[in-house]
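S.K.: The structure follows.
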(Lines of atoms letter the chains of each structure in order from A and count residues from 1; the text may use other names and numbers.)
(Lines give C-alpha, C1' and ligand atoms only; values in the text may rest on other atoms or scores of the structure.)
Protein backbone atom coordinates (compact mmCIF):
# COMPACT_ATOMS: atom_id res chain seq x y z
CA UNK A 1 0.00 0.00 0.00
CA UNK A 2 1.32 3.39 -0.97
CA UNK A 3 1.57 5.81 1.93
CA UNK A 4 0.87 9.51 1.57
CA UNK A 5 4.65 10.08 1.54
CA UNK A 6 5.07 7.48 -1.22
CA UNK A 7 2.36 9.12 -3.31
CA UNK A 8 4.02 12.51 -2.87
CA UNK A 9 7.41 11.07 -3.83
CA UNK A 10 6.01 9.35 -6.92
CA UNK A 11 4.19 12.50 -8.04
CA UNK A 12 7.32 14.61 -7.52
CA UNK A 13 9.50 12.12 -9.40
CA UNK A 14 7.04 11.81 -12.28
CA UNK A 15 6.74 15.60 -12.50
CA UNK A 16 10.53 15.69 -13.06
CA UNK A 17 10.13 13.21 -15.92
CA UNK A 18 7.80 15.65 -17.65
CA UNK A 19 7.84 15.57 -21.42
CA UNK A 20 10.52 12.88 -21.55
CA UNK A 21 8.20 10.12 -20.31
CA UNK A 22 7.84 8.55 -23.76
CA UNK A 23 11.60 8.61 -24.33
CA UNK A 24 12.21 7.05 -20.92
CA UNK A 25 9.59 4.40 -21.61
CA UNK A 26 11.31 3.46 -24.87
CA UNK A 27 14.71 3.45 -23.17
CA UNK A 28 13.40 1.17 -20.42
CA UNK A 29 11.98 -1.21 -23.04
CA UNK A 30 15.34 -1.28 -24.85
CA UNK A 31 17.08 -2.02 -21.54
CA UNK A 32 14.62 -4.83 -20.88
CA UNK A 33 15.09 -6.37 -24.32
CA UNK A 34 18.89 -6.24 -23.97
CA UNK A 35 19.03 -7.42 -20.35
CA UNK A 36 16.25 -10.00 -20.54
CA UNK A 37 16.18 -11.27 -24.16
CA UNK A 38 13.27 -13.64 -23.55
CA UNK A 39 11.00 -10.59 -23.26
CA UNK A 40 11.46 -10.05 -27.00
CA UNK A 41 9.16 -13.02 -27.68
CA UNK A 42 6.12 -10.82 -27.04
CA UNK A 43 7.17 -8.45 -29.81
CA UNK A 44 7.95 -10.69 -32.82
CA UNK A 45 6.43 -8.16 -35.21
CA UNK A 46 8.52 -5.24 -33.85
CA UNK A 47 11.76 -3.85 -35.17
CA UNK A 48 13.66 -4.01 -31.88
CA UNK A 49 16.69 -2.07 -33.11
CA UNK A 50 17.86 0.90 -31.07
CA UNK A 51 15.64 3.89 -31.76
CA UNK A 52 13.03 1.99 -33.77
CA UNK A 53 9.70 3.72 -34.25
CA UNK A 54 7.84 0.69 -32.88
CA UNK A 55 9.82 0.62 -29.62
CA UNK A 56 9.40 4.38 -29.28
CA UNK A 57 5.67 4.01 -29.90
CA UNK A 58 5.29 1.29 -27.30
CA UNK A 59 7.49 3.23 -24.89
CA UNK A 60 5.06 6.12 -25.20
CA UNK A 61 2.15 3.76 -24.45
CA UNK A 62 3.95 2.52 -21.33
CA UNK A 63 4.67 6.10 -20.25
CA UNK A 64 1.09 7.22 -20.91
CA UNK A 65 -0.24 4.31 -18.82
CA UNK A 66 2.13 5.21 -15.99
CA UNK A 67 1.17 8.88 -16.21
CA UNK A 68 -2.47 7.80 -15.94
CA UNK A 69 -1.59 5.61 -12.95
CA UNK A 70 0.26 8.47 -11.24
CA UNK A 71 -2.89 10.55 -11.62
CA UNK A 72 -5.05 7.80 -10.12
CA UNK A 73 -2.92 6.35 -7.33
CA UNK A 74 -6.00 6.07 -5.11
CA UNK A 75 -7.76 3.85 -7.69
CA UNK A 76 -5.14 1.93 -9.65
CA UNK A 77 -7.50 -1.00 -10.34
CA UNK A 78 -10.06 1.33 -11.90
CA UNK A 79 -7.48 3.30 -13.85
CA UNK A 80 -5.72 0.21 -15.23
CA UNK A 81 -8.61 -2.23 -15.65
CA UNK A 82 -8.69 -2.14 -19.46
CA UNK A 83 -4.90 -2.49 -19.64
CA UNK A 84 -5.05 -5.42 -17.23
CA UNK A 85 -7.65 -7.12 -19.43
CA UNK A 86 -5.54 -6.55 -22.53
CA UNK A 87 -2.35 -8.01 -21.04
CA UNK A 88 -4.08 -10.95 -19.33
CA UNK A 89 -6.62 -12.08 -21.92
CA UNK A 90 -5.39 -10.91 -25.30
CA UNK A 91 -1.62 -10.52 -25.09
CA UNK A 92 -1.09 -13.15 -22.37
CA UNK A 93 2.08 -11.54 -21.09
CA UNK A 94 3.96 -13.53 -18.45
CA UNK A 95 3.50 -11.61 -15.18
CA UNK A 96 7.24 -11.71 -14.42
CA UNK A 97 7.82 -9.34 -17.32
CA UNK A 98 6.15 -6.49 -15.44
CA UNK A 99 8.76 -6.86 -12.70
CA UNK A 100 11.54 -6.85 -15.28
CA UNK A 101 10.21 -3.71 -16.94
CA UNK A 102 9.75 -2.07 -13.53
CA UNK A 103 13.41 -2.70 -12.75
CA UNK A 104 14.45 -1.23 -16.11
CA UNK A 105 12.24 1.81 -15.49
CA UNK A 106 13.96 2.39 -12.14
CA UNK A 107 17.40 2.14 -13.76
CA UNK A 108 16.36 4.53 -16.52
CA UNK A 109 14.96 7.09 -14.09
CA UNK A 110 18.02 6.83 -11.85
CA UNK A 111 20.38 7.33 -14.78
CA UNK A 112 18.60 10.47 -15.95
CA UNK A 113 17.89 11.99 -12.53
CA UNK A 114 20.69 10.84 -10.21
CA UNK A 115 20.48 13.81 -7.84
CA UNK A 116 16.74 13.38 -7.33
CA UNK A 117 16.87 9.59 -7.10
CA UNK A 118 17.22 9.44 -3.33
CA UNK A 119 16.66 6.23 -1.36
CA UNK A 120 13.19 7.48 -0.39
CA UNK A 121 12.26 8.25 -4.02
CA UNK A 122 13.69 4.90 -5.12
CA UNK A 123 11.65 3.03 -2.50
CA UNK A 124 8.45 4.92 -3.35
CA UNK A 125 8.83 4.37 -7.09
CA UNK A 126 9.60 0.69 -6.50
CA UNK A 127 6.42 0.33 -4.43
CA UNK A 128 4.42 2.23 -7.05
CA UNK A 129 5.69 0.07 -9.93
CA UNK A 130 5.01 -3.06 -7.84
CA UNK A 131 1.45 -1.81 -7.22
CA UNK A 132 0.95 -1.18 -10.93
CA UNK A 133 2.35 -4.64 -11.72
CA UNK A 134 0.02 -6.24 -9.18
CA UNK A 135 -2.99 -4.55 -10.77
CA UNK A 136 -1.89 -5.51 -14.28
CA UNK A 137 -1.54 -9.16 -13.25
CA UNK A 138 -4.69 -9.30 -11.09
CA UNK A 139 -6.85 -10.66 -13.91
CA UNK A 140 -4.54 -13.65 -14.40
CA UNK A 141 -6.04 -15.43 -11.40
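Numbering starts at 1 and runs along the chain as displayed.
Glycine too: its Cβ is placed from the backbone N, Cα and C atoms.
Quick caveat, the model's predicted, so the values are computed rather than measured.
So Swiss-Prot lists the following for this protein:
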BINDING   58  O2 binding site
BINDING   87  heme b binding site
DOMAIN    1-141  domain 'Globin'
MOD_RES   7  N6-succinyllysine
MOD_RES   11  N6-succinyllysine
MOD_RES   16  N6-acetyllysine
MOD_RES   16  N6-succinyllysine
MOD_RES   24  phosphotyrosine
MOD_RES   35  phosphoserine
MOD_RES   40  N6-succinyllysine
MOD_RES   102  phosphoserine
MOD_RES   108  phosphothreonine
MOD_RES   124  phosphoserine
MOD_RES   131  phosphoserine
MOD_RES   137  phosphothreonine
S.K.: Consider the recorded positions 11, 58, 137 and say which one has the Cα lying nearest the Cα of residue 124 (phosphoserine).
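M.R.: Result for residue 124 (phosphoserine): the nearest of the recorded positions is 11.
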S.K.: Cα of residue 108 (phosphothreonine) to Cα of the residue listed as 'phosphotyrosine': how many Å, rounded?
M.R.: 7
S.K.: Of the residues in the domain 'Globin' (1-141), how many are helix, strand and coil by DSSP?
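M.R.: Per DSSP, the residues of the domain 'Globin' (1-141) fall into 114 helix, 0 strand, 27 coil.
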S.K.: For a quick check of packing: other C-beta atoms within 10 Å of the C-beta of residue 137 (phosphothreonine), how many?
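M.R.: The answer is 19.
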S.K.: Fill in the CA-CA distance, residue 35 (phosphoserine) to the residue listed as 'phosphotyrosine', as an integer in Å.
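M.R.: Checking the Cα atoms of residue 35 (phosphoserine) and the residue listed as 'phosphotyrosine' gives a distance of 16 Å.
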